[in-house]
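Per Swiss-Prot, the features are as follows:
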type: TOPO_DOM; residues: 1-9; note: topological domain 'Extracellular'
type: DOMAIN; residues: 10-103; note: domain 'MtN3/slv 1'
type: TRANSMEM; residues: 10-30; note: transmembrane segment
type: TOPO_DOM; residues: 31-40; note: topological domain 'Cytoplasmic'
type: TRANSMEM; residues: 41-61; note: transmembrane segment
type: TRANSMEM; residues: 64-84; note: transmembrane segment
type: TOPO_DOM; residues: 85-99; note: topological domain 'Cytoplasmic'
type: TRANSMEM; residues: 100-120; note: transmembrane segment
type: TOPO_DOM; residues: 121-127; note: topological domain 'Extracellular'
type: TRANSMEM; residues: 128-148; note: transmembrane segment
type: DOMAIN; residues: 129-212; note: domain 'MtN3/slv 2'
type: TOPO_DOM; residues: 149-161; note: topological domain 'Cytoplasmic'
type: TRANSMEM; residues: 162-182; note: transmembrane segment
type: TRANSMEM; residues: 186-206; note: transmembrane segment
type: TOPO_DOM; residues: 207-260; note: topological domain 'Cytoplasmic'
Amino acid sequence: MVSPDMIRNVVGIVGNVISFGLFLSPVPTFWQIIKNKNKNKKKMEVVLAAEALFMVSPDMIRNVVGIVGNVISFGLFLSPVPTFWQIIKNKNKNKKKMEVVLAAEALFMAAVALGVLLGVHTHQRRSLIVGILCVIFDTIMYSSPLTVMSQVVKTKSVEYMPLLLSVVSFLNGLYWTSYTLIRFDIFITIPNGLGVLFAAVQLILYVIYYRTTPKKQNKNLELPTVTPVAKDTSVGPISKDNDLNGSTASHVTIDITIQP
């Protein structure tokens, strides 16, 4: 007979793979930033970094090194990379703003860690405080793509909608919700359940406005070429009645051929 713990481990392993995909989903955007030298600010990486930082705290407090810890450790390593890259390459006013945001996150994280470790003396209360913060930041992470939904509705275009992120967020939230239902954990159930709802809304909007999105024109489309063909036809002397100076003239006939 299959035990609930074995089922939970199997679901957790699959959830690991999907969570890796969630943290890797900004990679195509990051590659475009490097390729096109785009300095536009991206909010998602900062939120992912903060979310990963706070999800490390319950594992440290509970001394748990397992399925969840593997995912969050990977996210903590990967998430800040695009943000730090943009800070290094960004030379406009957004650079200073991003530096302030990251510094504020680091200070807030340090304050929470010191406050919990020094001010709270039981593991149960520490887990409760940090768990609440995890719920808040996980919810922010899942809801962050909703910031472009108003633009999608206004323009009736899904051009700037992060489809890959929405799909992976939906699968990630669905799996981790299933994971916690086998053995209930409210701190994982609430944010991931909301994540399923938020991602479903994003996918529904994508289906609705996909057909109304203007199609991009092919930049490699070849236009018709115009080839002038000149024919020189000499004409004898023109009578003085037609030319007051008595000079000779020539008529040039130009044929234009359009080749598709």
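Cβ coordinates come from backbone N, Cα and C, glycine included.
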* To do: With a Cβ cut-off under 8 Å, give me the same-chain residues at least six positions beyond the ends of the topological domain 'Cytoplasmic' (149-161) that come close to it.
  => 201-202, 205-206, 209-210, 212-214
* Structure fact -> The correct DSSP tally for the topological domain 'Cytoplasmic' (149-161) reads 7 helix, 0 strand, 6 coil
